[in-house]
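These notes are about the structure you will find just below.
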Amino acid sequence: MALDVSTTPALRAGRRTRGKNLGLLTASTAMDNAENSITTVLFPLMREALGLSSSALGVIVAVSKAVGIFAAVPWVFLAKRFSRRVVLATCSGFWGVWVVLAGLSSSFTQFVVLYGIAAAGFAGAGPIALEIMGDLYDDRRRGRATGMLYGGVAIITGVSAPLFGQLSGFDDGWRYGYVLSGCMCILIGVLVVVFLDDTRPGGGERRAGDAAAKAEEKAQNVVAGVRELLRIKSFRYILVQRLFSGQNVIMSFGVVFLVEERGFSTATAAIVATPFAIGYLLGTVVGGRVNDAVHRRWPASGRVMMLQASQLAFAAAVFVELQTPTSSIGFFVAIFALVGFLQGQVPVVNRPLIMAVVRPEQRALAFAVSLSTVEALAYAGYALLVGYLGDAIGLQGALLLVTVALTVVNGLCSGLLYRPYARDSAAVRDSQVVPSSYEGEPSKPDAQ
């Protein structure tokens, strides 16, 4: 029978309450991205102060992402056992004390250790925040909501990066930057624990009581939960697709590329963070709305179409960015804005893709596996690769291989998602609790 969504908690919740919650989820999610952006901007200062090479940035990024592989899932299961609000406030906010300590470190090794501990907390924020967001919005509106969330992340990142870039005028500017950043995290933790309204898993869909309770109980077991997720063919394909994605590396090495390859000062190069963030904001907001519209027009294939288009266009834009031999910062302001716009398409397509094929009680674990484990592993590996290749052949050649060539191959191979996504998304949409496709058989719609 048809699902009655007219009385779901997501629809009953007022716009003001949803907006407040989405704002807090955005702030908590932004901390990991903001730390990466600040590291990119402050690295030239740290390199001069500590006598480092370009590969050191690859080590910092790799360590911060690698720890997420092991840290994200434990945070998710803490959130299932205890209050999601408190766990989110802890891992995204109060954990910022480690960022403060990293800024006070006396050596590069000490900094990497403390920064890695900080990253272990931030790794849990994204999956928990996305699960709560999935409970607030139904499937028809998740693209737009995801766009608003990541658009807010872009604003926070875009505003903070150039501001922290101004610290280049101080001898210990990089230290001040990390101390200030850690204090901001702690403040956000306080706001989350005081003001965030938590919701039960599955608020965006109608669930059958007993079966939903059994599914939730099963989701408490990490081994059983991961095994069940891997039965979903679409989810397996998405994991492989994210494993071979090198797009995020441009955010970590973009400013350093301008300093080393194009001769700009750190303060001047940091300017591009703002247009990148503005482009990213527009990409998430506009992309979220377009993604929802395309999904409504072609529910079985629209999101995969958007995924492919965004990847191939991104590769083309980065190719132009890397291959244009100009010393005009105005050109890079424009091209970074375009790259940011295309990069902003990724979360508003990828996150709803996962939500569409995974049951509500499994979504936090799905995001922990996809974003904080597989994607973090890829990010860490490619950051190390770009860092060491940058020392050997220059950042321009390294970024061409990882962010252009690999992205083109990934975009073309994403076409393999069309058939399994159509089947698995229909299974979740048409079945109230446990679609038969999770057991290896295609689902059948309920009788109308």
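Glycine is no exception: its Cβ is also placed from the backbone N, Cα and C atoms.
TrEMBL has this to say about the protein:
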- 21-422: domain 'Major facilitator superfamily (MFS) profile' (DOMAIN)
- 56-79: transmembrane segment (TRANSMEM)
- 86-106: transmembrane segment (TRANSMEM)
- 112-133: transmembrane segment (TRANSMEM)
- 145-164: transmembrane segment (TRANSMEM)
- 176-196: transmembrane segment (TRANSMEM)
- 237-258: transmembrane segment (TRANSMEM)
- 264-288: transmembrane segment (TRANSMEM)
- 300-320: transmembrane segment (TRANSMEM)
- 326-344: transmembrane segment (TRANSMEM)
- 365-389: transmembrane segment (TRANSMEM)
- 395-418: transmembrane segment (TRANSMEM)
Most Cβ pairs under 8 Å to the transmembrane segment (395-418), of 86-106, 145-164, 237-258, 300-320, goes to 300-320
Among 112-133, 176-196, 237-258, 300-320, the most Cβ pairs under 8 Å with the transmembrane segment (86-106) come from 176-196
Arithmetic mean of per-residue pLDDT over the domain 'Major facilitator superfamily (MFS) profile' (21-422)
83
